[in-house]
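Colleague: My structure is below; once you've seen it, I'll send some questions.
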Amino acid sequence: MQDLFGVPTRSLAVVLGSVLAVAFVVVGVLVLRQPILLTLGWRNAWRRKGRSALIVLGLMLATAIITSALVTGDTITHTIRSSVTSSLGNTDEMIAVEGAQSSTADMLGAPVPIGYFPQATADQVAAQLADVPHVDATTPAVIEQVAVQDGRSRQNEPQVTVFSPADMRGLGPITSDGRRVSLSDLGPGEVYLDVEAADALDARPGDPLLVLAGSAQSPATVRAVVTFDGGGTTEAGMLAPLGTTQAMLDRPGQVNRVLVSNDGGAFGGERYSSSVVSAATPIVAPYGLEAVPVKSDAIDDADEIGNTFMQLFTTFGTFSISAGLLLIFLIFVMLAAERRGEMGIARAVGMQRRHLVQTFLFEGLIYDVAAAIAGVILGVGVAFAMVSIMSSALDSSSGLSIERSAQTSSIVVGGCIGLLLTLVVVAASAWRVSRLDIVAAIRNLTEPGRRARRLTWLRVALGLLAGLLLAVSGRSSGQVTTFMLGVSLVAISVASLARAAGAPPRPAYTIAGAFLVVWWSLPFGLIRSLVPDASMDFSMWVVAGLMVVLGMSWLIVYNADLLLAGVMALFGRIRSVAPVLKTSIAYPLRSRFRTGITLAMFTLVVFTLVVGSTTTNAFTGAFDDVESYGGGFDVQASTSPFSPVPDMESAVRDVPGLPADAVRDVGAQSVVPVDAAQVGTGQDPVPYVVRGLDDSFLAHTTYGFATMATGYDSAEQVWQALADDPHLAVVDAMVVPRRDNWSFGSIVDLKLSGFHIEDDSFTPVHLGLRDPQTGATVDYTVIGVLKDTASLGMLGISASQQSVSAAFGERAVPTIFDLTLADGVDPAAAARMLESSFLANGMQADAFRDLLSDTISANRTMQRIVLGFMALGLIVGIAALGVISARSVVERRAHIGVMRAIGFQRRMVQSSFLIEASFISLVAIVVGSVLGLVCAHNVIADAATQPTYSGIEFVVPWGEFAGVFVAVYAAAMLATYGPARRAASTYPAEALRYQ
């Protein structure tokens with residue numbers, strides 16, 4: 001991955017490494033000045049190795065999450081880059097008819113014809129390009145899709161990419177069984193097949209082939225199965241001499257590309273693409289050709305996709321990172337509580353506060369470095385595990401094979417961020433715990449209350465001012481997160497103001513906590529009434545989770561007596577349980593800060609899992625509707641643009657094995673790459689596609705709309721308007737802005753303005769289209785935006801076939817066909833019959849039901865990966881319970897002795913500790929689930945008001961939750977069992993002597 005949030009990762013690695021080096025230099029200077037403090041910190045770290053290991057386990061999570069997100073981005077980027085290299089090999093630029101090379105059309109899987117031009121022209125261009133600086137090799141070539149049938153195995157492959165350059169020099173080697181071969185070795189009618197084509201056809205050397213290209217049928221023989229990078233595809237490919245292919249395609253003396261290879265080989269040559277394209281443009285433009293930097297464009301796309309995955313996992317990992325930072329703070333507060341007496345004595349004999357801070361800092365640095373190393377290793381392992389699961393979905397749906405990669409810069413960035421984050425929190429917590437009353441610490445008394453200082457009043461004032469500014473700014477700009485966060489800061493500051501003025505903590509924090517929970521649980525409809533033109537994104541979810549968890553933690557810890565009374569009223573009548581239960585719950589509720597932090601950590605992660613699982617299941621269920629996905633059609637078929645079917649409606653009546661009345665309706669689409677821009681906005685035209693929909697498609701489709709222009713009340717009216725008026729069009733949902741943006745990145749560059757997809761209606765907007773190949777232009781008025789649930793086969797600007805043909809002529813030849821079948825006809829079987837019958841046309845046919853099933857399966861796989869990634873945060877909660885339990889055994893040693901002395905049995909002491917951990921984990925699970933379900937319900941209820949997701953339902957996936965929470969609860973009990981057993985083994989006399 002080259003960039004991280006727009007910053008080059010190598011530069012970021014250098015900056016972070018420098019900052020970390022400066023931090024270590026500062027620490028080194030402090031060590032040289034006070035080496036005894038390092039000795040004290042080192043001794044404390046190694047005094048209890050088991051607890052130190054548990055601390056490292058908790059601290060490493062932030063590093064692991066950040067590193068895994070970066071390495072996942074690296075892997076996706078490297079995978080796509082490798083696919084690009086496999087497809088293009090040494091080719092860096094392609095010269096083709098202007099407008100023929102459309103990355104947008106390729107991305108959408110839309111078959112677009114590539115124009116041919118005289119080979120003599122290609123030879124002239126290649127000769128002139130050879131003198132351009134940094135150009136290593138040039139050659140005319142034909143790259144085209146054909147259908148192939150193996151005469152021995154009787155296997156068919158409708159889409160095989162034939163690659164035929166005039167000269168292989170500079171394009172890389174062709175190998176077979178480890179030996180280099182060349183196109184000049186081929187005899188008349190002989191071809192090479194790559195491994196993918198040989199597998200698809202079950203072919204082997206010597207097999208007779210029949211190459212089908214439209215009406216032309218040419219025999220061929222397999223000379224060998226070869227390996228070659230650069231054949232124009234990562235799937236089935238065939239290599240043949242240029243003359244042989246021109247004869248097969250009936251294109252004598254014609255080619256459709258000139259391939260250009262830069263200095264630097266397969267990796268690195270693209271860095272010269274900008275200068276090569278600039279130099280090539282005046283050479284090729286007079287011939288109606290253009291130079292396209294295909295490799296650099298594809299690599300840029302790979303980097304963007306990798307960055308999107310990185311942002312996805314980083315965003316979803318925010319909660320776990322926050323929980324991890326809370327754990328760091330908790331650990332050092334507990335370490336300080338354990339050593340409170342030592343610290344008091346140290347202060348009494350002359351040690352300054354800064355010396356205490358340095359001692360904790362040195363100890364924390366030991367944990368920090370160990371956790372960073374372990375976190376990086378764990379992060380790489382987690383990333384590789386996630387992409388392995390991901391590959392199963394991608395292999396089946398896209399043919400993309402995952403290749404693992406972990407860039408050094410990403411590992412350095414992940415390790416440095418984890419180290420620095422932990423170091424900052426360690427320093428902050430060390431400063432906090434150093435503020436102690438010497439006498440109270442030595443005598444183990446409660447810290448005396450502190451009067452509010454000027455700094456306290458200043459913090460409150462700044463909090464109020466910041467909150468008011470954020471609230472006003474957010475409301476005026478329509479940013480819901482900013483507005484709600486500002487109001488929340490005001491509420492928190494008011495609570496702090498009340499405490500500074502002497503109010504008791506219980507009412508102050510109870511009121512503030514209740515307000516935060518209610519405020520962030522408001523229905524979205526009510527929020528929109530408070531904020532004009534409200535807009536939301538993923539930051540809303542992150543901040544909402546932090547705020548509601550903070551509020552609920554305050555509610556619980558400052559009303560502990562009520563909770564304890566309720567539990568005792570429910571279970572206290574059971575005589576054998578009452579003593580154990582009361583001590584188990586009373587202790588954690590007495591330690592408000594410690595219990596509050598632990599609850600917040602656990603609850604935060606549970607909240608994340610519940611919201612994520614519930615909402616993704618709801619949206620996936622709403623998307624799982626073949627009628628909405630296929631627009632009322634059952635099968636979609638596409639043919640090679642080189643050999644289209646002129647009259648598909650008549651042709652399907654003669655398909656062998658398919659009854660004449662099996663196909664009820666046939667809708668046709670043409671696809672033309674264009675440059676498009678919204679009229680009157682000053683936008684630069686960007687590549688996109690226009691789809692021509694014939695009258696049959698417009699009459700029979702049931703695709704619905706997320707929003708329609710003013711004056712249209714139904715989808716039927718919109719489709720009929722397109723059929724009646726050649727100046728009207730509809731667009732897909734991706735090009736329209738949203739008030740609520742819950743996505744990461746966009747796969748299209750065209751963006752409209754002036755309305756939002758959530759609007760009930762909009763004033764029609766105008767688009768200007770230009771065919772880059774012919775220069776033809778046309779304007780359309782957009783009157784509808786398709787729902788998100790429409791298939792990817794509807795991405796683009798859709799108008800009537802009549803208008804698209806009038807504007808773009810022969811370029812608008814239908815190559816995509818949507819079929820409605822009669823009742824009782826199996827769509828999958830019909831698709832296979834169509835492929836077999838129209839093999840010569842390179843037909844690829846699929847049932848919409850199967851396409852949707854593959855899409856849903858891939859989505860569910862990604863959802864499980866993301867949820868599993870978020871579940872890593874539960875490690876923090878488990879580690880926190882383990883640390884608390886271990887600390888409690890030491891802290892309550894005298895209490896344990898007294899309990900044993902008055903009759904508590906070993907099992908009762910052990911049960912007390914286990915119930916204590918159960919109480920915290922169960923409260924966190926219950927509270928996190930309730931808060932998460934409220935948030936998820938708000939999201940789903942808001943989505944249900946939009947036409948796209950009108951059928952969405954709020955369904956709680958109890959089965960998923962039960963499995964996760966039972967596993968987490970069992971792990972928490974396991975982490976607590978060891979300390980609980982040690983506590984139960986304490987002898988009364990020994991414990992009392994300890995006091």
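Cβ atoms here come from the backbone N, Cα and C positions, even for glycine.
Residues annotated as transmembrane segment in TrEMBL: 12-32, 53-73, 316-337, 360-391, 411-434, 480-501, 508-527, 539-572, 593-612, 865-890, 911-934, 954-977 (among others). According to TrEMBL, the feature domain 'MacB-like periplasmic core' maps to 52-260. If you look up TrEMBL, you'll see 315-437, 869-988 marked as domain 'ABC3 transporter permease C-terminal'.
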Colleague: Please count the residues of the domain 'ABC3 transporter permease C-terminal' (315-437) that DSSP assigns to helix (H, G, I), strand (E, B) and coil.
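Modeller: DSSP classes over the domain 'ABC3 transporter permease C-terminal' (315-437) add up to 104 helix, 0 strand, 19 coil.
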Colleague: Does the structure show the transmembrane segment (480-501) and the transmembrane segment (53-73) touching, where I'm treating 3 or more Cβ pairs under 8 angstroms (sequence separation 6 or more) as a contact?
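Modeller: When sequence-distant Cβ pairs are counted, the transmembrane segment (53-73) does not touch the transmembrane segment (480-501), since fewer than 3 lie under 8 Å.
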Colleague: Quick one: find which recorded stretch in 316-337, 539-572, 911-934 has the most Cβ pairs under 8 Å with the transmembrane segment (53-73).
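Modeller: Maximum Cβ contact count belongs to 316-337.
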Colleague: Contact between the transmembrane segment (911-934) and the transmembrane segment (593-612) is defined here as three or more C-beta pairs under 8 Å separated by at least 6 residues; is that satisfied?
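Modeller: Judged by the Cβ rule, the two regions touch, with the required three close pairs present.
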Colleague: Which listed range (12-32, 508-527, 911-934) shows the maximal number of Cβ pairs under 8 Å with respect to the transmembrane segment (865-890)?
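Modeller: Checked against 12-32, 508-527, 911-934; highest Cβ contact count belongs to 911-934.
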Colleague: According to DSSP, how is the domain 'ABC3 transporter permease C-terminal' (869-988) divided among helix, strand and coil residues?
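Modeller: Here the numbers are 102 helix, 0 strand, 18 coil.
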Colleague: Could you please provide the mean pLDDT value for the domain 'ABC3 transporter permease C-terminal' (869-988)?
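Modeller: 79, rounded to a whole number.
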